[in-house]
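Okay, structure first, notes after.
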């Protein structure tokens, strides 16, 4: 892998890489806000039907008015979606709950709703009355946003392989800053959803291109550390979201607060260096050489600017340059055996990771704990989870880490099925632990995918694989509807999906301390070498066993060295 050698010569993981990775990671502080924004901007305040403004009503306390106008639901709380047709003033003095008889005539909230402003000052739910019959529109806004993320993954994945990582990243920053800020000015629910869809597209552009620019500019040995540390920015961003939402409590102000900083990211993103790998593979070797010289100078290796010439660069990547003359599409991810296996496995892993993650993280109000505190807890659990993931990635490898995290999250989700609903703290604790494992799985899959796909089609592959994640995040809220059939059914679906993905993850090839592949041929050659190695080993075993049978003796150490344990055991049998 020639380019890996060139990176080592210009300083390895030096000053440039540190600055580059840091600047690319800072926007991650607000990326969590985009994905989890619905918890706060679409929060559902306590509400009830608006009480008619009459002379008699003005002389009564709020509690008395609720008793006279609002019936009680099955939990003996004021109904959210109905009121008495006529005021029942006699109920004010009657303290018996049984007097709320079913024969009293009720009606829908014809005059709208009254919302409690203690937890939220304003949300899209309270602004556009997305309650009762319109309640599904709350989740619909999140599904539409995730649809935008899905569309962005498809579009930006292909565009960045064709036009470059840096250019698409700069555009994504600008699109997110403009459209995300304009979302706060939405005059209607429909306009709001349109802006959220377009914002979701730009979120994919930011994530995919930032990951590729990091991976393609850092040495092989530093990828694990950089990938994990970068994910901590996203983790800390979840806690920042809780602070921003708590301090503002108004959905329009929250949107401005989490989107406006992307203008700053847009302005400083021009400092980034385009991927030299991508430049060489797209016939722009002279530009790639300039970027390499720039990196060498920043890393304190100015002498390398004379040693690394255009001829040296092209000779190091001769095979990759020949391969880059072909035009690659998403179909190339499925043409060859190894690429097809990798792509199919990653589709399942990405879907299940996102499916379980957003199934746990997108409806914090269901836990009955203060939503702002719950967001902080859900964010804080990622720190120990990702530290464990870092150790596992470094010492056990990507494959074992990916599979283990998914299987453990499934175990926790299944365990929660058997915990009684009145044990709210225990159920919440298990959900937090499960969320930690899914976060660790996300950390691994981003790094793992970037290492499995070759440079010529890496962004297309990232977009293809993460497409399944967006489908998972869109499907997660819909699965909650299944609790009307069986309360445990959503957990069974979430957990079952994680089990399937965890087992499939073990079929992926290991990439720990292996240089990045640049071409599809590199990926296929690894498979062929592995198959050839196994074939040669089998042949050696067969020859050794044949010799033993002919001599009628036991296996000598020189002949049995390297035999498979079962073959060696059989060889000692006379």
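Keep in mind that glycine also has a Cβ here, set from the backbone N, Cα and C atoms.
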> transmembrane segment per TrEMBL sits at which of 306-327, 372-393, 526-547?
Replying inline: 372-393
>> I'm validating the feature mapping. Which of 107-124, 125-142, 143-160 is tagged transmembrane segment in TrEMBL?
In response: 143-160
> With pairs 6 or more apart in sequence, are the transmembrane segment (167-183) and the transmembrane segment (254-272) linked by at least 3 Cβ pairs under 8 Å?
Replying inline: yes
> the domain 'Major facilitator superfamily (MFS) profile' (59-513): mean pLDDT?
Replying inline: 83
> In the same chain, who gets a Cβ under 8 Å from the transmembrane segment (400-419) while lying at least 6 residues past its ends?
Replying inline: 349, 352-353, 356, 360, 389, 392-393, 426-427, 430-431, 433-434, 437-438, 440-441, 444-445, 448, 488, 491-492, 494-496, 498-499, 501-503, 505-506, 508
